[in-house]
Amino acid sequence: MSLTSKLSITDVDLKDKRVLIRVDFNVPLDKNDNTTITNPQRIVGALPTIKYAIDNGAKAVILMSHLGRPDGKKNPKYSLKPVVPKLKELLGRDVIFTEDCVGPEVEETVNKASGGQVILLENLRFHAEEEGSSKDADGNKVKADKDAVAQFRKGLTALGDIYINDAFGTAHRAHSSMVGVDLPQKASGFLVKKELEYFAKALEEPQRPFLAILGGSKVSDKIQLIDNLLPKVNSLIITGGMAFTFKKTLENVKIGSSLFDEAGSKIVGNIIEKAKKHNVKVVLPVDYVTADKFAADAKTGYATDEQGIPDGYMGLDVGEKSVESYKQTIAESKTILWNGPPGVFEMEPFAKATKATLDAAVAAVQNGATVIIGGGDTATVAAKYGAEDKISHVSTGGGASLELLEGKELPGVAALSEKSK
C-alpha cells in the first residue's frame with residue numbers, strides 16, 4: 001500500500017451529503033478556568049477541510065473529536081463545549097453543539113441540519129467504546145463490551161454519508177472513530193493528505209542524498225526507527241542524549257554523568273555494521289556543552305572527545321565543531337527527515353545547537369531541499385523559533401509519525417478507501 005493511494009476529500013462528491021469528519025480538537029485548556037483555549041492551532045489546522053466541505057455543498061458537516069483522557073466516562077472537565085465559540089469565530093458561522101456523540105437526539109439534530117450546518121459532537125472518549133476500554137475507580141483498565149463497541153460504531157456511522165479522517169495525531173490508534181465508521185467512502189482530509197504525501201516523499205521515493213537526523217535520549221527507543229531508515233537513507237546524524245551511548249560504546253569517550261543507555265549499548269555495534277552494509281555515512285558529535293546539573297542555572301563547561309566529559313558533569317548540548325559537521329551534511333542533502341533535537345533546547349544555555357540545526361534546515365529548504373520534521377519535541381523547536389512555515393512539513397502527530405517512520409501501518413490510514421484505479 002502506497003501512502004498516496006488513499007482516497008482524499010477532493011476525490012469525493014460532497015454535494016447534499018452529511019459529511020462526518022474525525023478532527024483533532026484535543027486543544028490545551030487554561031488550567032484555571034478550564035474553558036479558555038490556550039493554543040487553538042489544532043482547530044485552525046482543521047479549517048481547510050471543514051471549509052472545503054461547506055463550500056462544496058455538504059448538507060451538514062459533523063465534527064467528532066476527543067479531548068484529554070476522560071477514561072471512558074463523562075467528565076465536564078474534558079467537554080468539547082469550549083471549542084464552540086472559537087470555532088464559530090474562526091469559521092464565521094454558527095456551530096451547533098450536541099451533548100453526546102451518538103444516540104437518537106444526536107441523529108435527529110444531524111438529520112434536520114441543512115445548508116452546510118456545522119455540528120460539533122461531544123467528546124468521543126466519554127464512551128469507553130471509543131478507545132475500547134475505560135478505567136475503574138482504582139485506575140485499572142476495563143475492556144469495553146464487544147457488542148457495545150459494535151453498537152457505538154453503528155451509532156457513529158448513522159451520522160454521515162461520507163467519512164473524512166483529518167486527525168493524523170491519532171492515526172496510530174485503532175479507535176472506533178478512526179477505524180469503525182462503516183461508510184462506502186472513507187477519505188483523508190487535507191491535513192492527513194499532506195502528512196501522507198510528505199512521508200511518502202521521504203519513505204517511498206526520496207530525492208537523494210537523503211539524510212535522517214535522529215535525537216532523543218535512548219537508543220533502545222529509536223531502534224525500530226533506525227532499522228527501518230538505514231536501508232533508505234544516505235546519511236544519518238545521531239545526536240541528542242543517545243549519542244553518548246554511541247560515543248562511549250564505540251570510541252570509549254568519557255561521558256561523565258551523561259545519559260547512558262545500557263540496553264541500547266548492546267545494539268550500537270549492529271547499527272554501525274548495518275550502516276556500513278548500506279553505505280550510510282554516520283555522523284556523530286565530537287564536542288559538547290556540559291553542565292554540573294540538569295538545570296538552566298547549572299555551571300557550564302565545554303569538552304571534546306579527546307578530553308572527555310569530566311566526572312560530575314553531563315553533556316546537555318553538542319558543541320560548535322559538531323554543529324559545523326551537521327550543517328555540512330544538511331547542506332549536501334536533498335531530503336532531510338528530522339526527529340529529535342541535539343540538546344536540551346528548553347534551557348537557554350543548551351539550545352544553541354538545536355537553533356543552529358534549525359537554521360541549517362531552513363536554509364536547505366530555501367535551496368530547494370525537502371525538510372520534514374517528525375512531530376514531538378522537534379515540532380516544538382520549529383514552533384519555538386517561529387519556523388513552522390519555513391520548513392516543508394512539520395508533522396502534527398508525534399506518535400503517529402514515529403510509527404510510520406518505523407515502517408508500521410497506521411490503522412487510521414489503513415481504514416481509508418483506496419482510490420479507484
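Sequential numbering from 1, following the chain as shown.
Cβ coordinates come from backbone N, Cα and C, glycine included.
Listed in sequence order, the residues of the same chain lying 6 or more apart from Ser65 ((2R)-3-phosphoglycerate binding site) and placing their CB within less than 8 Å of its CB are Arg22, Val23, Asp24, Phe25, Asn26, Leu80, Val83, Leu120, Leu121, Asn123, Leu124, Ala167. The (2R)-3-phosphoglycerate binding site annotation in Swiss-Prot covers Val23, Asp24, Phe25, Asn26, Gln41, Arg42, Ser65, His66, Gly68, Arg69, Leu124, Arg125, His172, Arg173.
If you look up Swiss-Prot, you'll see Gly216, Gly240, Phe345 marked as ADP binding site, on the strength of similarity to another entry. For Gly240 (ADP binding site), the same-chain residues 6+ apart in sequence whose C-beta sits under 8 angstroms from its C-beta are Leu214, Gly215, Gly216, Ser217, Gly340, Pro341, Pro342, Gly343.
Per Swiss-Prot, the feature CDP binding site maps to Gly216, Asp221, Gly240, Gly340, Phe345; the stated evidence is similarity to another entry. Asp221 (CDP binding site) falls within a helix when secondary structure is assigned with DSSP.
For Lys218, Lys222, Gly241, Gly315, Glu346, the entry in Swiss-Prot reads AMP binding site, with the evidence type similarity to another entry. Neighbour count (other Cβ atoms within 10 Å of the Cβ, all protein chains): 14 for Glu346 (AMP binding site).
Under the heading Mg(2+) binding site, Swiss-Prot lists Asp221, Asp377, citing similarity to another entry as support. In the three-state DSSP scheme, Asp377 (Mg(2+) binding site) is classed as helix. Counted within 10 Å of its Cβ, the other Cβ atoms near Asp377 (Mg(2+) binding site) come to 18, all protein chains included.
Glu346 (AMP binding site) falls within neither a helix nor a strand when secondary structure is assigned with DSSP, and so counts as coil. Among the features that Swiss-Prot reports, ATP binding site is placed at Lys222, Gly241, Gly315, Glu346, Asp377, Thr378.
Among the record's ADP binders, Gly216, Gly240, Phe345, no two C-alpha atoms are more than 12 Å apart, and one pair sits at exactly that spread. Between Phe345 (ADP binding site) and Thr378 (ATP binding site), the C-alpha separation comes to 10 Å. Secondary structure at Val23 ((2R)-3-phosphoglycerate binding site), taken from DSSP and collapsed to helix, strand or coil, is coil. Same-chain residues at least 6 positions away in sequence with a Cβ under 8 Å from that of Gly241 (AMP binding site) are, in sequence order, Gly215, Gly216, Ser217, Lys218, Ser258, Leu259.
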